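Undergrad: For reference, TrEMBL lists these features for the protein:
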- B:15-35: transmembrane segment (TRANSMEM)
- B:47-68: transmembrane segment (TRANSMEM)
- B:74-95: transmembrane segment (TRANSMEM)
- B:102-127: transmembrane segment (TRANSMEM)
- B:133-151: transmembrane segment (TRANSMEM)
- B:172-193: transmembrane segment (TRANSMEM)
- B:223-242: transmembrane segment (TRANSMEM)
- B:254-278: transmembrane segment (TRANSMEM)
- B:298-318: transmembrane segment (TRANSMEM)
Amino acid sequence: MTDQTPVLRLEGVVKTFPGVRALDGVSFDLRPGEVHALMGENGAGKSTLMKVLGGIYDPNEGQIYIAEEPVTIASPMQAKARGVVFIHQELSLADELSVAENIWLGELPHKSFGRVDWKKLYDETDAILKTLNVGFDARTRVGDLSIANQQMVEIARALTVDPRAVIFDEPTASLTDAEKVVLFEVIADLQSKGVGIIYISHRMEEIFKITDRISVLRDGGYRGTLNTAETNEEEVTQLMIGRKLDLSRNESHHELGDVALEVRNLSCGKLFEDVSFSVRRGEVVGFYGLVGAGRTEIAETIFGLRDPSAGQILLNGEEVRIHSPMEAIARGISLVPEDRKGQGLVLGMNCRDNMTLPQVDDLTAGPFVSDGAEVAIFDQYRDKLDIRTPGWRQIAGNLSGGNQQKIVIGKWLSMHPEVLIVDEPTRGIDVGSKSEIHNLIRDLAAQGYAVIVISSEMPEVLHVSDRIVAMFSGKVMRTFTSEEVTEDSLIQAISGLEGDKVA
Amino acid sequence: MAPEKRKDLLKQGGIWGFIVLELAFFSIAGEYWAVTDKAFMDFENMLLLLKQSAPIGIIALGMTIVMINGNIDLSVGATFALAAIVLLDSMTWPFMQNLGDWAIPLAWCFALLTGVILGAINGLIVWKTGVDAFIVTLGSMLGFRGLVFMYNGEQPTSHLNWTLVDFAEAQFLGLHTATWFLFGAAVILWLLMTKTLHGRNAYAIGNNREAAVNAGIRVGPHFLWNFMLIGFLAALSAVVFYSESGSVNPNDGMLFELWAITAVVLGGTKLTGGYGSIVSTMGGVIAIQLLRKGLGHIGADTSTVNLVIGLILIAVLFMDRQLNRKGKEELKV
């Protein structure tokens with residue numbers, strides 16, 4: 001393979017921003033027909049590198065070669081014209097437009113006078129969609145599709161040209177297993193046509209399943225390329241974070257208290273049906289399932305954001321009806337939401353104000369907000385959670401993902417909850433901070449909180465939970481203890497393969 | 001999919017249902033309270049209604065495109081007045097007077113060119129500075145209005161050309177000249193928005209600007225074209241209106257931008273962009289004019305008319321919000 005000309009080669013690419021060297025002499029090459037993983041913690045420079053390739057940033061130094069021809073790329077369109085196609089992690093779709101228009105956005109086929117050639121557009125789109133084996137057609141409005149299907153639309157965009165190199169940025173973040181299979185087929189198909197593929201992902205199991213080589217970035221610098229067949233997760237992780245990662249399952253159990261929260265036969269329309277479970281003090285219950293299995297919706301119902309259509313919620317053995325988040329907070333339930341930046345934080349506000357947001361009404365001195373009381377609360381939880389920030393005046397948006405998440409957790413802890421629900425606690429957080437958050441969750445349980453963790457990552461669920469509730473399409477399939485659970489049985493349960501329920 | 005489709009139909013057909021409701025209401029209410037003996041649904045009356053909706057209607061069509069694009073243009077009223085002044089005043093220039101009736105098409109061209117240039121100024125500023133269109137056109141609204149006053153002080157600018165008046169008052173196949181211009185503009189813009197690259201890109205930009213940029217659509221020039229288009233339409237509206245009246249006050253066209261926006265929003269176009277249609281805006285324009293005329297028909301004064309239109313606008317937006325909700329299972333935020 002080494003004698004082939006690389007489809008894409010980077011040589012000593014440097015990109016600096018005021019005060020930061022975001023990329024520090026990155027070089028690697030992408031060969032035709034290979035899947036090349038690009039890994040690194042958040043902030044390691046992956047997205048900067050992609051933006052340089054996409055012509056959004058101009059590199060300060062270094063050279064990009066496409067098929068050994070030195071090029072300068074000034075826009076994503078130029079990149080695409082040269083056969084370098086991006087599939088973005090964050091959906092970049094216009095949801096009022098049809099699937100076809102989105103796929104061909106910016107290059108709709110047209111006739112004279114700029115008239116859109118609808119027939120050609122729909123025919124070609126349907127042909128592409130057929131290869132992707134999806135259940136919608138070219139005329140569907142994108143806004144009517146599920147997130148996973150929208151991701152498939154994004155992927156379909158790469159197939160409109162004859163690409164030399166396709167760059168997938170976390171493509172499986174919102175795909176179900178079945179859809180992943182299709183995606184991997186698409187990748188294999190591109191591979192067989194001699195297309196080079198850069199695959200960015202945090203998910204080790206995928207990386208080891210489909211890639212040929214792995215390049216690792218850390219702190220903007222290139223740390224080396226490994227042949228996937230000759231390496232293992234540990235080596236890659238070490239290269240990424242410079243130390244080992246704990247992937248074991250949870251062994252220790254804390255002393256369990258009374259049942260803090262019990263849910264009986266809870267339903268909410270078609271979102272989830274007949275859900276029953278209980279959480280004791282000092283226990284972490286993990287909810288595992290595919291995206292759309294109804295996990296987040298259960299949390300939102302308990303937190304009073306949705307009205308259940310049937311069933312009971314019991315707090316400390318007493319039946320309660322919760323109609324709003326305010327009531328939930330007053331009864332000691334806190335929800336750390338899935339979308340940290342959108343739902344959890346006011347990014348433009350400083351750390352202290354974010355943390356005291358739910359109780360600022362009570363922190364008054366006369367008619368004014370009491371600065372002292374606010375700072376005291378912030379200091380307390382900064383120390384408790386080890387939040388690394390230069391001071392409370394720091395704007396929350398400037399913190400790293402892990403520290404942001406700690407601010408959100410601190411915010412809810414300061415409300416003295418009994419039940420803490422954490423939805424996707426480590427989404428978009430780098431590997432190093434992940435284990436910190438995991439330890440924090442275990443600690444909180446040890447202190448007597450009843451904790452519910454919702455996660456789509458199996459290692460995370462295995463690692464933090466005392467018990468695991470497996471969900472499939474709005475139903476609880478099985479509840480495992482951390483001793484009895486195996487990866488196989490868990491996957492079977494969340495895929496709906498396990499018929500018999502064990503409570 | 002079926003309930004989705006029904007909802008879509010309800011959203012798009014809503015404005016026409018509202019028009020039918022208005023017609024029914026004013027016809028029946030007119031029986032009891034009418035200040036004249038004529039029936040409301042009189043054919044002549046309806047033709048007049050279309051003619052009267054033309055000035056704001058033509059502007060509202062352009063506003064639809066600018067709003068689908070995710071922008072707004074508050075300067076159309078001032079553009080309208082300035083184009084009108086150019087139209088009327090240019091016909092008094094000596095070399096124009098020597099041309100006889102050939103001065104008319106030339107004066108039109110001057111007026112339309114004025115509109116295009118003013119629109120281009122807006123578009124260029126929005127493109128090159130990246131300042132929000134709301135602020136840019138708020139500024140140009142004041143600035144253009146200042147130009148209007150500089151032209152002739154507080155005095156009205158007048159010039160009556162009878163050939164022009166005859167043309168403007170003509171009826172072809174029963175419809176007035178102004179109505180023909182309104183319908184013509186509507187058809188052309190409808191084709192533009194549904195059939196052409198430019199139109200589809202306008203939706204894409206308004207819907208998700210970042211996606212459009214990533215896809216290589218040149219957003220700045222696109223904005224420029226649309227601002228030039230609405231400037232042209234504001235001037236066209238002035239040409240149609242002042243060919244007949246022959247006299248322009250420096251305060252003419254004030255609040256036109258707000259009436260146009262009201263019509264566009266009533267028609268269901270989103271303020272945030274990315275969604276809307278020319279056909280629905282036509283519905284909005286006709287609905288407002290019906291309301292004005294109908295309330296006049298049953299003896300209400302202008303202030304009542306404004307109050308009612310305001311209330312209806314808020315009610316419509318509230319209903320639209322309800323339609324967009326996803327039923328009982330939805331998040332309560």
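Positions of Cβ are set from backbone N, Cα and C atoms, glycine also.
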Undergrad: Can you find at least 3 Cβ pairs under 8 Å between the transmembrane segment (B:102-127) and the transmembrane segment (B:223-242), where each pair is 6 or more residues apart in sequence?
TA: yes
Undergrad: Of the stretches B:47-68, B:74-95, B:298-318, which racks up the most C-beta pairs under 8 Å with the transmembrane segment (B:223-242)?
TA: B:47-68
Undergrad: Check the transmembrane segment (B:15-35) against each of B:47-68, B:172-193, B:298-318 and return whichever range has the most CB pairs under 8 Å.
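TA: Going through each listed stretch, the top one turns out to be B:298-318.
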Undergrad: Could you pull out which residues elsewhere in the chain have a CB under 8 Å from any CB of the transmembrane segment (B:172-193), counting only those six or more residues past its ends?
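TA: Same-chain contacts beyond the ends: 47, 50-51, 53-55, 57-58, 61-62, 64-65, 68, 199, 202-203, 233, 236, 240-241, 243-244, 277-279, 282.
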Undergrad: So which of B:47-68, B:133-151, B:254-278, B:298-318 is most in touch with the transmembrane segment (B:74-95), counting Cβ pairs under 8 Å?
TA: B:133-151
Undergrad: Count the Cβ pairs between the transmembrane segment (B:47-68) and the transmembrane segment (B:254-278) that lie under 8 angstroms and are 6 or more residues apart in sequence, then report whether there are at least 3.
TA: yes
Undergrad: Looking only at residues six or more beyond either end of the transmembrane segment (B:254-278), which have a C-beta under 8 A from one in the stretch?
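TA: Same-chain contacts beyond the ends: 11-12, 14-15, 55-57, 59-65, 67-77, 80-81, 141, 145, 186, 189-190, 193-194, 203-208, 284-285, 287-288, 309, 312-313, 316-317, 320.
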Undergrad: Please give the sequence-distant neighbours of the transmembrane segment (B:133-151): residues at least 6 beyond its ends with Cβ less than 8 Å from one of its Cβ atoms.
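TA: Residues 66, 71-75, 77-79, 81-82, 85, 89, 118, 121-122, 125-126, 157, 223, 250, 254, 257 contact the transmembrane segment (B:133-151) from elsewhere in the chain.
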